[in-house]
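Peer 1: Pasting a structure below so you can have a look.
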Amino acid sequence: MHVFLDLMWFFKTRKKHYTIGILLLISVSFIGLFPPRIIGRFVDHVQHHTLTAQFVWLSVVSIGLMAPAMYVLRYYWRVLLFGSAIELSTTLRLRLFQHLSKMSPTFYQKHRVGDLMAHATNDIQAVESTATDGILTLVDSISTGLLVIATMAVTIDWKLTIAALLPMPIMAYTTSRYGNILHRRFEVAQAAFSDLNDKVHESVNGVRAIKAFGQEDNDIASFSALSQDVVQKNMAVARIDALFDPTIQVIVGASFFLAFAVGAVFVVHHQLTLGDLTSFSIYLGQLIWPMLAFGFLFNIVERGRASHDRVQAILSIAPDIVDPPHALHHVESGDLTYQIQRFVYPGSHDAALLDVQFTLKPGQTLGVVGKTGSGKTTLLRLLLREFDVDDGDIFIGEHTIYGVTLDEVRRHIAYVPQDHFLFSASVADNIAFGRFGATRDEIESVAKLASVHDDILGFPQGYDTLVGERGVTLSGGQKQRISIARALLLDTDILMLDDCLSAVDARTEAAILAGIKSRGGRQTTLIATHRLSAVEHADLILVLQGGRISERGTHSELMAKRGWYATMYEHQQLEAMVEQGGAV
Ligand code: ADP
């Protein structure tokens, strides 16, 4: 039952709702005690021929008044308890979402999207139901149960009550056993559902690759296998779930049998009136729901506990990139200095960067080139503080980025990743993503710099055209240029372009880079690229090889060295010439 204690923080915030709701619930149980007594008296009067018109009227009127009262009370406790639980799931979902948005890429490497989705949907729903059905069944099984049992024992006969309740311990035992099995099977079913979620996520994301390799049938087959697995595991849950009701019904039946057997003997020996036995049997009927609720309680609480633990486990993972105590909230920009001795990705053994040192003055451009896997992206991403460097440092102006709040570091930087992401929103909103409230003029001016303005004007609704599932399909090059416009709109001190122009031709790329430079050269720019012509005009070019700088200098210095850079540059020039049909 500790899930109720775990949720206490929430019950406290909605103390009034829960207190009134529970009081109303108990009031309903209390009012419900009267009709059986009235009916019992009625039977006695009939048996002894003492029934008066006055008694009949009084009974009819009082039962007639109780019915609407119970109706109203039942309505309000439902509104109070169920309304509060919706609040709980909203709060939990928001917490989870906020927590997830703080996590670093390392977290997302370890946790599958499908699992996280399952936490945000199924698990939170199960916790919500603990806060409603759980509380309802707890209060109902205890308050109604005890009230009814006490009324039976005190106002009718305690011996008969004991006899009728004898099967109760068996019920407590079986329901708790079923509850345990249910808990285990539910966990397994939930894990299978997560796998299925993951599969759907992966298939939808990878639909192009699946089609390109003609793997649709295999993909459907593996989906179907996972789907079957979910069915089987949920069937196992349903089978144990299905045992609850019949078991309880048998026990309730046994209870009635004992009540009538013993009660009949008492009536024959005049220890009990027929009216009392009638009231008693109605009370026993009223105990069926609290008894069932008792069984459900295990069920609901078990599910709620499993789900709550899973959500809590995610919430308790501390973000691995946190602001140090006394982190600076504001730093002036200045030189950008990398002094990295060694950087190893978490969970990896080999260094991704070794001995990378350079300084850029404000407005200078750095070109980072090298083979795939040489460390170009890593070099850029370290500045974003997605991962912390243990052996080395990076400075913005005078300050190490590790002594500055994450928000402040990122305020200085605009980053265009390789795998750009556009949202299902208008083109204008996608560009203004980092600065809501930017004017249309500002948006258009960065779109012009990114050489995408003319393309956008060609879309059906221009800047208001929707992107994504419900809108236009953009080419890779258009997406890349919109991503660049988005970064340019931020107008930060530092701009990082991570091989983000691979899908545009060399001429457009040159136009975009010239556009960026034309902004007055305020922005320190870091460009990682495969196309060496993109960094020809950079103030410093680093050639990376296996995470180390193998060559460094300006374009002309590197050409003079006749190393990898020079060979590659000439090779690429030749390729470009061939593509253009031999004309230079
Ligand atoms: P490039 O951008 O030059 O292609 P990267 O910076 O992406 O190179 O990768 C450099 C090296 O770091 C590669 O060996 C790559 O496998 C490794 N690496 C990249 N990202 C991660 C990560 N998240 N975890 C572990 N290793 C990584």
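Every residue, even glycine, has its Cβ placed from backbone N, Cα and C.
From TrEMBL, for reference:
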DOMAIN    20-303  domain 'ABC transmembrane type-1'
DOMAIN    331-571  domain 'ABC transporter'
TRANSMEM  20-39  transmembrane segment
TRANSMEM  51-69  transmembrane segment
TRANSMEM  248-268  transmembrane segment
TRANSMEM  280-301  transmembrane segment
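Each of these features: where is it, how hidden is it, and who are its neighbours?
Peer 2: Sequence-distant contacts of the transmembrane segment (20-39), counting only residues of its own chain at least 6 positions beyond either end whose CB sits under 8 Å from a CB of the stretch, comprise 59, 62-63, 66, 69-70, 73-74, 76-77, 80-81, 84, 135-136, 139-140, 143-144, 147-148, 151, 155, 275, 278-279, 282-283, 286.
Note on the transmembrane segment (51-69): residues 31, 34-35, 38, 41-42, 45 of its chain, located 6 or more positions outside it, place their CB under 8 angstroms from a CB of the stretch.
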Peer 1: Mean pLDDT for the domain 'ABC transporter' (331-571), as a whole number?
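Peer 2: The answer is 90, the mean pLDDT of the model over that range.
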Peer 1: What residues elsewhere in the chain lie close to the transmembrane segment (280-301), defined as a C-beta under 8 angstroms and at least 6 residues from its ends?
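Peer 2: Same-chain contacts beyond the flanks: 1, 3-4, 32-33, 35-36, 39-40, 129-130, 133-134, 136-138, 140-142, 144-145, 148-149, 151-152, 156-157, 160, 164, 168, 171-172, 175-176, 178-179, 182, 241, 244-245, 247-248, 251-252, 255-256, 259-260, 263.
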